[in-house]
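So TrEMBL lists the following for this protein:
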BINDING   A:Asp95, A:His203  Mn(2+) 1 binding site
BINDING   A:202-206, A:332-333, A:381-384, A:Ser388, A:406-409, A:Lys482  GMP binding site
BINDING   A:His237, A:His332  Mn(2+) 2 binding site
ACT_SITE  A:His406  active site, GMP-histidine intermediate
Amino acid sequence: MDFLERISDTIWEIPVSYKEGMRVPARIYGSQQLIREMDAGVFDQVTNVATLPGITKYALCMPDGHFGYGFPIGGVAAMDIENGGVISPGGIGFDINCGMRLVVTNLTYKEVKPHIKQLVDNLYKQIPAGVGSKGFVDISRNEFRRVVEQGAQWCVRNDYGWEEDLELIEENGCFAGADASKISDRAIDRGANQIGTLGSGNHYLEVQVAKKEHIFDPEIAETFGITMPDQVVIMFHCGSRGFGHQVATDYLQTFLKVMDSKYGIKILDRELACAPFNSPEGQAYFAAMKCGINMSFANRQVILHRIREVFARVFGRSARDLGMNMVYDVAHNTAKLEQHKVDGKERSLLVHRKGSTRAFGPHMTDVPKQYQAVGQPVIIGGSMETGSYLLAGVETGAETFFSTAHGSGRTMSRTKARKTWRGEQLQKDMAAKGIYVRSTSWSGLAEEAGAAYKNIDDVIAATELAGLCKRVVRLTPIGNIKG
DNA sequence: ATGTGC
């Protein structure tokens, strides 16, 4: 690790001399301990990313970084599209617009506790989860093409949600410029019956409590809708399912064919397959990826609709009466065209965030009007046993193109986790801790054991110390559905 | 992450 230069307590740099072809230095965020425990693969991958055409300022990795496909998960790479910058599916992730949504209620822990089993059992029954699960939204292939072009806006038009939900979603729930003609039939086939499904792996839905001692910034918390101690909220994490996966697969193949032969781009790892952003292939993938982003917004919108229905039934009051308003919906697997100041000059950059959350500060364009004064809500999910955070974007985030962490980050492989824990026992241990969990698979549950992840409090402390975001509320789980 | 894979 002697190749790491300490820039501050939470910033570590690998210089361009480290590897041939690096165009910019790599910077990894985290405390000394988090850096010490990071996969060695992260350093190799982030320095590979530093060789890509158009990369601007730094190849970055957040404190929850771990080994991924081509790019590290936790990676941020901003490409200068006016100077040959590329777009790379590996910098976005297979699960396009994997993201988080947070919804409040006006219920307290005391009111929910007696019903938690009934509540979680009903959520589990009503929200399809697990590999290969099918949704309940029955639409034609052509209608699905409209869903991926219109995102959550399609859902609200079709009575899956409230009009005011839309302004509390990144891009207002519809990434403009999505073009279904750039999507393969295979992707359409895989996605058409997956709207409103949670998925598997680390995708989950959680009922959480904002304990009094965990409300760090009461004013911002109130702006976000968390107004009382022990308030119950719902957080969930899912993405674009088989649809996004197929889009990524399709375009990785396309890029591998043209990258060198047509554009003369040489890369260190096939998994970094890319194309110039300003090329027919790059533009086609950008328009297709936007469909993946919209599928995911629609997916989370329909899931929210079901959550509201279940709460209304269990508590015998309407979702409106229960104050089930959205805080925000954030993506953490995307590439977006943004304006950023680099060395004093405004530049148009394609910012890849893979396992990294956008964290725009106060007064920035695209932050919802009701949050303009305090910054964008940042939702970071921990492991199912430990806890999660609601944070806010800050001005000093400019250093990372206003990006921060997205979760805890694994420290143990899924294989090793399955050998270390039994899902059945874990469920009992979690019950003893006050968390009622339901899962579609015991081995899947074991894979998500809290101890297989970095400590979420350490990760969050590093992001705050580095000036990437600000803690608002820590949220404690009381019920969980694991996909 | 993923109808889990050349």
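Cβ atoms here come from the backbone N, Cα and C positions, even for glycine.
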Spatially, and counting Cα to Cα, which of the binding-site residues is closest to A:Asn333 (GMP binding site)? Options: A:Asp95, A:His203, A:His237.
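So, spelling it out, the nearest of the binding-site residues is A:Asp95.
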Quiz question: given the binding-site residues A:Asn202, A:Asn333, A:Ser383, which has the greatest number of C-beta atoms lying within 10 angstroms of its own C-beta?
A:Asn333
Measuring Cα to Cα, how far is A:Gly409 (GMP binding site) from A:His332 (Mn(2+) 2 binding site) in Å?
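With the alpha carbons as reference points, the distance is 13 Å.
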Can you count the other CB atoms that lie within 10 A of the CB of A:His406 (GMP binding site)?
28
Residues with Cβ closer than 8 Å to the Cβ of A:Asp95 (Mn(2+) 1 binding site), same chain and 6+ apart in sequence?
A:Gly239, A:Ser240, A:Arg241, A:Gly244, A:His245, A:Asn333
Using Cβ atoms only, which residues of the same chain lie under 8 Å from A:Leu205 (GMP binding site) while being at least 6 residues apart in sequence?
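Set apart from A:Leu205 (GMP binding site) by at least 6 residues yet with Cβ under 8 Å, we have A:Leu123, A:Ile127, A:Ala129, A:Leu198, A:Ile234, A:Met235, A:Phe236, A:His237, A:Ile303, A:Ile307, A:Asn480, A:Ile481.
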Just jot down the residues in the same chain as A:His203 (Mn(2+) 1 binding site), at least 6 apart in sequence, with C-beta under 8 A of its C-beta; none if empty.
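Listed in sequence order: A:Cys98, A:Ala129, A:His237, A:Cys238, A:Gly239, A:Lys482, A:Gly483.
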Find the shortest Cα-Cα separation between A:His332 (Mn(2+) 2 binding site) and the binding-site residues A:Asn202, A:Ser383, A:His406, and name the residue that gives it.
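Out of the listed candidates, the nearest Cα belongs to A:His406.
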